[in-house]
Amino acid sequence: MAAVSEADAEATGIVGEFLSLKAETDADFLVMQVGDFYEFFGEDAETVADLLDLKVSQKSSHGSNYPMAGVPVDKLTPHLKQLVERGYRVAIADQYETDDGHAREITRVVTPGTLLETTDADAQYLAAVVRVSPERYGLGVADVTTGRFLVTEVTGEDADAATDRVFTELYRFDPAEVLPGPEVRNDDAFLDRIRERTDATLTLHQADAFAPGRATHETKAQFGQETLASVGLDDTAGASRRNENPQVQAAGALLSYVEETGTGVKASMTRLQSYEGDDHVSLDATTQRNLELTETMQGDRDGSLFDTIDHTVTSPGKRLLKEWLQRPRQDLPTLRRRGDGVAAFADSALARETVRETLDGAYDLERLASKAAHGSADARDLLRVRETLALLPEVADAVASDPTLSESPLAEIVTRPDREAAAALRDELDALADDPPGTVTEGGLFRRGYDDELDEIIDRHEEAEEWLATLDDREKRKTGIGHLQVDRNKTDGYYIQVGNSETGKVPDRYDRLKSLKNSERYTTDELDERERQIFRLEERRGELEYELFGDLREGVAERADLLQSVGRALAELDALASLAVHAVENDWVRPELTESGDLRIDAGRHPVVERTTEFVPNDLRMDGARASSSSDRTASSSAPATSPSDRESAAGRDGERRFLVVTGPNMSGKSTYMRQAALITLLAQIGSFVPADAAEVGVVDGIYTRVGALDELAQGRSTFMVEMQELSNILHSATEDSLVILDEVGRGTATYDGISIAWAATEYLANQVGSKTLFATHYHELTSLADRLPGVQNVHIAADESDGDVTFLRTVEDGPTNRSYGIHVADLAGVPEPVVERSRDVLRRLREDEAIDVRGGQSGDGGGQRGGESDPQQVVFDLGSGQFRGGDDAGGDGAGGSDDAGSVDVESVDTQSVDPETEAVAEAVKDTDLSDTSPIELMNRVQEWQERLRE
Ligand code: ADP
């Protein structure tokens, strides 16, 4: 609230009224109607003028000047939208007539979550979050523009898990505004996370509204006792007696906020849906971003998965398809029903196109229902309702008359809405004229035959108009005046106009109204009488039609649920037809959905990349945990380690593929291959066809990704910290039924650190979690894990090398990549031969499971001579434990990995008989902290050292 200065306090008149209204609201701005304008005053005027590029003028009030900025009444909406979309809350004070003049009061507070004037096809959610214990939350979301109202309960094993899930849900709805409940609003970390992770405006709605008693009352009053019971919210024996059902608390807060902001759309909120978070596939914020579901990593909508597959023809269809994409399901019957619908549409091109063409004429019934409830729908809006309702039987016919469609679940979709009720409402709306005006106060809204009184008014009006229309002829005849015409304008009303040359013929019964340059205007008693009659009739007609229209609109608002169910059915058809169109145009196949968890893809493609690239298809085969006994995996809870028993069990499950280590050169297609697996799974779990020749998709309970440190780096976030947070989240959340995609874990830190973390994470995922995992790495060392861990296998992206050129074949083959292209690249870049040779040597040893010696100060010997037994400074990478160790315990029993694995002891390098330059280099080698040096940098330094030594 803007501070009211002393001068303000004394302000009277308009400004004073503004300031006192402003003091009533905690909105960021107040805009007040003054006649035909909406005005901002004082500070608000200056800020808003700046934001909206308005002109500021000065309003003087009792000796003081106040800045003032305004917009005409009919231009408020676009300005309002701009303010609200920037996250501001704007209170509107309307002017209304009273017996002695007029008064003003705040009628609405428009906020990002309650903006009705949106034209965006996307849903616009207002969310409320309630915490009843650290592990238990209630979440409610409502879309005032469509009347959608959803609640869910979110729980977790511990506080962190519960919070993570709340954010997963929130991110999925991408709310425009969040109302944090009393418990979370003092939790700064929680609020910060909302601010950082969503674009939502945070609004502190009154705490009382969240109180269990009041919230239960509100919710019951809105949806009825039965609805509460039917969605399992009215547990009279349990929760509600203790008065703590977080879903109801969230719902109650939303309702009271919608009421308080004066949106007036509660009537369109007809259905409370409680959804089970468990049925949905967990897709956290990072994963949605990494998989570029609705926008690319760069934040563009173009090039996202949604943009690629969306062929819907209506806004509600678009909204629904996006919702499906953001909320994939595990529920096989639902998915199979959708799949059947897509398949039917895919098979019947002709009927599909008929349905789509028909749907093309459909308007957004959910939004129209909300407008009707709010009272802002005009006759054209109701006409749109009528036209859209009329499409239902057309679409139903198209479905019924096609043998394939009529046998599919599509038939159920079109028969789901109450068609009789829809037809009845349509008939009622037949009252509307075919081309009504955009205003509802001036008549012309209705057809004849709707209302007797109206018809009579119209008859008499027409009769009077007819009389007027023929008046000039009659008068010409009576008076013999040739240049005579009858007309009407605002100031003079009806008049008879006579050219100057003939004013002499004007009879006595004409009363002169005014003289113009070339003519005179007259009226007569009879004309006056007719005029009064016409005005009376017009006024009465306007009033009566406005009244009738109000009733009609209310009738529509009362049937919001009908409009929503018709709208929903049309949207479903649109979304399913859209999936069919994409499938047919791109040769996608219907996946077989199973409970086994197995993932088998023949000739799979990346759904987005295949649109722009000559794509090389790839196979993928992964086994789900559900297919095999998993007791040994789930029972173990100790720290991860590659124990002998693990190795035995790995041997026991030979050939099982649950964890694929994906290797291959940079840019060879590793990320694409892994994302393709995730996207095919996700598409299958929205009911879509998938880009492959054949696919079996075992449903997953969640998809988790950790991809691309580079993007984070560009955003200036601490790369390694973010990487580890994301990894931690995955290790906590993924289950054996999840699909995990890891792209280069551990890259953000020094090599030894990185390998160690990647190694340990792999062990943990393979042993403890048991998820299906695809893990791309440039740490070749990790490929040896395949021999040691259950279900871990290597695959690589093939490349062909000839004449020193590497060609990426993009095909995926079993086994680790057979050469390091990193060394190849180093060679091409001119890294001295000894270094390249030595790299190959180290690599060979790593692969052959041999300890690597760290070599002393010899140089320039072509790398042929390795440190002998007496060499005291060996550092060994032990593949058994995945640890680097100093020479002393090299080749030991795998226990006791050293903490300072990254620091190589070069203290005893023999420097006695060397020249100062060599000594300096040796010093530099000694001072190099390996744990803090990237491989590239190391390579550069080695090169520099070698050059110095050669000199
Ligand atoms: P990596 O993760 O190995 O660095 P990417 O997956 O980022 O490689 O792929 C590198 C480039 O190759 C991308 O431009 C991608 O579009 C293209 N690409 C990847 N896989 C294929 C494929 N199977 N067919 C055709 N192009 C591909």
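Glycine residues also receive a Cβ, built from the backbone N, Cα and C atoms like all the rest.
Automatic, uncurated: that is what TrEMBL annotation is.
Within the listed segments 439-482, 615-658, TrEMBL records region 'Disordered' for the stretch 615-658.
Counting only residues at least six positions away in the same chain, the Cβ atoms of VAL662, THR663, GLY664, ASP743, ALA776, ILE797 sit under 8 Å from the Cβ of LYS670 (ATP binding site). When the binding-site residues PRO665, GLY669, LYS670, SER671 are checked against ligand 1, GLY669, LYS670, SER671 have a Cβ within less than 6 Å of one of its atoms. Each of the binding-site residues ASN666, SER668, SER671 was assessed for Cβ neighbours inside 10 Å, and the highest tally belongs to SER668. Considering only the binding-site residues GLY664, PRO665, GLY669, the Cβ with the fewest other Cβ atoms within 10 Å is that of PRO665. Same-chain residues that are not part of GLY664, PRO665, ASN666, MET667, SER668, GLY669, LYS670, SER671 yet have a Cβ within 8 Å of the Cβ center of the ATP site turn out to be ALA776, ILE797, PHE808.
If you draw a 10 Å sphere around the CB of MET667 (ATP binding site), it holds 13 other CB atoms from the protein chains shown.
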